[in-house]
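Visitor: Below are the features I grabbed from TrEMBL:
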- 332-347: compositional bias 'Polar residues' (COMPBIAS)
- 47-299: domain 'G-protein coupled receptors family 1 profile' (DOMAIN)
- 326-365: region 'Disordered' (REGION)
- 34-55: transmembrane segment (TRANSMEM)
- 67-91: transmembrane segment (TRANSMEM)
- 103-128: transmembrane segment (TRANSMEM)
- 149-169: transmembrane segment (TRANSMEM)
- 189-211: transmembrane segment (TRANSMEM)
- 244-267: transmembrane segment (TRANSMEM)
- 279-302: transmembrane segment (TRANSMEM)
Amino acid sequence: MIDWPNVTESGYEELGQNPEELQRSTCVLGFFPVIYYSILLCVGVPVNILTAVALSRLACRTKKALYYYLLAVTGSDILSQLFIIFVGFLLETAVFHRDVPALLLHSVSAAEFAANHASIWSTVPLTVDRYVALCHPLLHRQISYPARARRIIAAVLMLSLLSGVPFFWWSDMWRNSHPPTALDTVLIWTHVTIIYFLPCSIFLVLNSLIIHTLRVRQRQQRFEDDCASKLAPPRRLGKTTAMLLAITSVFSVLWAPRTVVVIYHLYVSSVHSDWRVHLAYDLSNMLAMLNTAVNFFLYCFVSKPFRGAVREVVLLKGGPLYPRRAMPPQHAPTNASISSLYSGNNKRSQRDSAPLSPHGARKPS
């Protein structure tokens, strides 16, 4: 899906190029992308595996749909790192210099797009779940549970896999010297719509509604009397909502440059012919792939339960995976009379059944 050119072409290959290939833009960054993606892969994959283990423990303990959605995002990030960074960048380009069968190149391209779509669209159900939880809490209790979350995640992954199939015909932006064709235009606009415009529009609308709802509730509670404020504690921006806003904001920032460069390549200047567009495309790809490795640090910064789960995994502490069954709470106002009657009857039965001691027995009058 994301390519950069072969910078190790030999001299005799260069002599055999046609004039259009001789005008091909050079890779200004040299081998820096190889070093960058190697570090990103060596750091990102272990960090995401640690994140997946910690989220799995939290999902088993709490039975909350939230952690299943976060687990789906983490799994999709791992797939993106393996297919896009490891297979696409390092193996195909840096090691084999894309000297592999064309069928394999196109098949890997479709897999890269599918993993990329899954990584991005796994965040959409998370955003919808948080919106329903904050704006429609009663409805959230009815529709948000682990089984439904697993079905939604399976549907998102299946749709992401199917959406990658058309990109089997994605053209090599680095090596194609001809202007973009009609098929290239359709695929590029489909790509930027799926990976940026559509999900960012959903994030913007739902996050705006969440923030607006919280502000309205805070404004209303300022005019409530003391009794009402005691019955309804003030709502503020919770840590889960803050984490959601951080995830979607980081995604929007890191993927924006690549979206702009791809559209610029389509209508203004080609990556193949302009070294400045080539450089911008390299840097935008690096920023976009950075998004697959930053969520762990966002979770650690915001979520105390996640930090505790990570600490248990790192220190190899085998805490309980499933929640313990707690005794039902006893409400003092309703159970006071029952407990007092029970204790009174218990004491009376013990007094009646206990044998009288010879010293304590009264003589009949």
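Residue positions begin at 1 at the first shown residue.
For all residues, glycine too, the Cβ spot is worked out from N, Cα and C.
Any TrEMBL annotation is an automated prediction that lacks curation.
Keep in mind that what you see is a predicted model, and the values were worked out from it rather than measured.
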Visitor: I need to check the long-range neighbours of the transmembrane segment (149-169): which residues 6 or more away from its ends have a CB within less than 8 Å of a CB in the stretch?
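Guide: Same-chain contacts beyond the ends: 1, 65, 68-69, 72, 76, 106-107, 109-118, 121-122, 124-125, 129, 183, 187, 190-191, 194.
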Visitor: State, in range form, which of 34-55, 244-267, 279-302 has the highest count of Cβ pairs under 8 Å to the transmembrane segment (103-128).
Guide: 244-267
Visitor: Over the domain 'G-protein coupled receptors family 1 profile' (47-299), what does the predicted model average in pLDDT?
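Guide: 89, rounded to a whole number.
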Visitor: So, taking each listed stretch (67-91, 189-211, 244-267) in turn and counting its Cβ pairs to the transmembrane segment (34-55) that are under 8 angstroms, which one gives the highest count?
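Guide: Answer, by Cβ pair count: 67-91.
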